[in-house]
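Undergrad: Quick one: structure below, then a few questions.
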Amino acid sequence: MTVIIFLSVLLGTIILGVPVAFALLICGIALMLHLDFFNAQILAQQLVSGADSFSLMAIPFFILAGEIMNEGGLSKRIIDLPMKLVGHKRGGLGFVAILSAMIMASLSGSAVADTAAVAAMLLPMMKTTGYPIHRSAGLIGTAGIIAPIIPPSIPFIVFGVASGVSITKLFLAGIFPGVIMGCCLAILWRWQAKRLNLMTFSKATKQDLCFSFKNSVWALMLPVIIIGGFRSGIFTPTEAGVVATFYALIVSLFIYHELPLKHLPKVLLAAAKTTAVVMFLVASANVTGYLITVAELPTMLTILLEPLIENPTILLLVIMLAVFVIGMVMDLTPTVLILTPVLMPLVEEAGIDPVYFGVLFILNTSIGLITPPVGNVLNVITGVSKLPFDQAAKGIMPYLGMMIMLLLTFIFIPELILMPLQWIQ
């Protein structure tokens with residue numbers, strides 16, 4: 001009965017158009033009433049404690065760093081360098097999109113922000129040079145979901161806080177899978193580009209290449225500083241967010257001179273709005289998570305799936321199928337916040353490495369961002385490309401299929417995630 005009430009209230013409020021954060025709060029109140037211990041004080045305490053975490057402080061700083069990079073010219077220069085490197089090849093703009101998305105993923109950690117930036121700069125160019133727009137939009141959207149995997153990843157921070165898993169280990173574990181995702185996308189795009197008569201650009205001269213590299217080197221130093229810093233223990237992921245913001249601000253103001261001081265309040269306001277949405281979502285999910293634990297839903301799930309605990313691979317397949325279905329109708333962050341406290345006891349009892357599970361979980365929920373009917377990234381590329389939704393969805397299907405195959409590969413070959421993590425550590 002508890003499960004039915006939980007799902008009915010949650011899905012019912014979302015279908016009615018209630019924002020997810022408020023839907024989670026209403027769901028928490030409904031569970032309290034069902035369990036017959038409604039207490040406004042506990043509700044307020046859980047709401048406040050949900051956002052009261054040192055690790056969560058990384059989120060507003062990385063969001064602010066991303067806003068500064070977009071306004072301060074760093075994103076533009078990051079795209080210019082891959083253009084000079086591979087823009088002359090057949091289907092070169094596709095390779096530029098993949099490389100740009102991977103580099104920007106290592107700066108902001110947001111799939112929606114990265115996709116919007118790359119799509120706004122490259123899709124018009126791809127359209128005018130004869131690229132099939134639905135395939136181009138699909139490629140850029142899929143490249144955008146590399147952002148939650150390559151550090152610094154906001155979803156990894158959310159999962160780490162919700163599960164108690166080391167955020168630093170999650171960051172390090174995401175590097176190699178993120179690179180594999182980019183390489184697989186490039187291979188698929190190359191195969192598609194060979195079948196299309198796409199316009200090529202003239203090859204950049206060495207002088208142009210050197211100038212582009214020199215112009216973008218300050219932007220490219222940011223991921224090196226961030227990853228190198230928490231890898232060597234100089235600062236935590238939270239402190240890395242502060243460093244990223246400060247560095248992006250200095251470069252934008254005093255080196256590239258593209259962020260006037262009068263525009264800074266607008267940048268701060270945009271970052272504050274995004275942060276408020278994310279943090280209220282986290283706080284509301286903490287209320288629901290607390291009541292899920294009180295209602296012993298994780299214990300019920302463990303009992304239900306107990307026969308599969310002896311076979312972790314089958315258990316992972318069942319969990320990932322459920323997460324994939326939920327990810328089709330729910331955004332990444334609420335999916336992580338709702339399911340993590342339910343699934344982690346089961347994962348731990350089955351002896352599955354929590355860092356490995358975290359990477360699979362975030363990859364799966366990221367795939368949900370490009371999966372119809374709700375995918376946020378799919379909606380972004382639909383808006384930027386001005387394609388009908390069904391055409392954008394059609395264009396993304398080959399890449400979506402490839403990402404699902406990659407997820408299955410990681411499930412059956414966990415060493416692809418665990419061994420590189422051991423090497424990096």
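The backbone N, Cα and C atoms fix where each Cβ goes, and this holds for glycine too.
The following feature annotations were taken from Swiss-Prot:
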TRANSMEM  3-23  transmembrane segment
TRANSMEM  24-44  transmembrane segment
TRANSMEM  54-74  transmembrane segment
TRANSMEM  93-113  transmembrane segment
TRANSMEM  139-159  transmembrane segment
TRANSMEM  169-189  transmembrane segment
TRANSMEM  217-237  transmembrane segment
TRANSMEM  241-261  transmembrane segment
TRANSMEM  275-295  transmembrane segment
TRANSMEM  312-332  transmembrane segment
TRANSMEM  334-354  transmembrane segment
TRANSMEM  399-419  transmembrane segment
Undergrad: So which residues does the transmembrane segment (54-74) touch in its own chain, when a touch means Cβ under 8 Å and the partner is 6 or more beyond its ends?
TA: 104, 107-110, 113, 117, 152, 154, 157-158, 160-161, 167, 218-219, 222, 237-238, 240-242, 244-245, 247-249, 251-253, 256, 258-259, 263, 266-268, 270-272, 274-275, 278-279, 282
Undergrad: What stretch in 24-44, 169-189, 241-261 has the biggest tally of Cβ pairs under 8 Å against the transmembrane segment (139-159)?
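TA: Going through each listed stretch, the top one turns out to be 169-189.
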Undergrad: So which residues does the transmembrane segment (3-23) touch in its own chain, when a touch means Cβ under 8 Å and the partner is 6 or more beyond its ends?
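TA: Residues 30-31, 34, 277, 280-281, 283-284, 292, 295, 297, 300, 329-331, 334, 338.
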Undergrad: Cβ under 8 Å to the transmembrane segment (217-237), counting only same-chain residues 6 or more beyond its ends: which ones?
TA: 55, 58, 69, 74-75, 77-78, 81, 103, 106-107, 151-152, 157, 167-168, 171-172, 175, 243-244, 247-248, 251, 255-256, 424
Undergrad: Between the transmembrane segment (169-189) and the transmembrane segment (399-419), do 3 or more CB pairs sit under 8 angstroms, pairs being 6 or more residues apart?
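TA: Answer yes, regions in contact.
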Undergrad: Which sequence positions outside the transmembrane segment (24-44), separated from its termini by at least 6 residues, show Cβ-Cβ distances below 8 Å to it?
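TA: Same-chain residues near the transmembrane segment (24-44) but 6 or more away: 1-2, 5-6, 9-10, 13, 18, 281, 284-285, 287-288, 290-292, 294-295, 334, 337-338.
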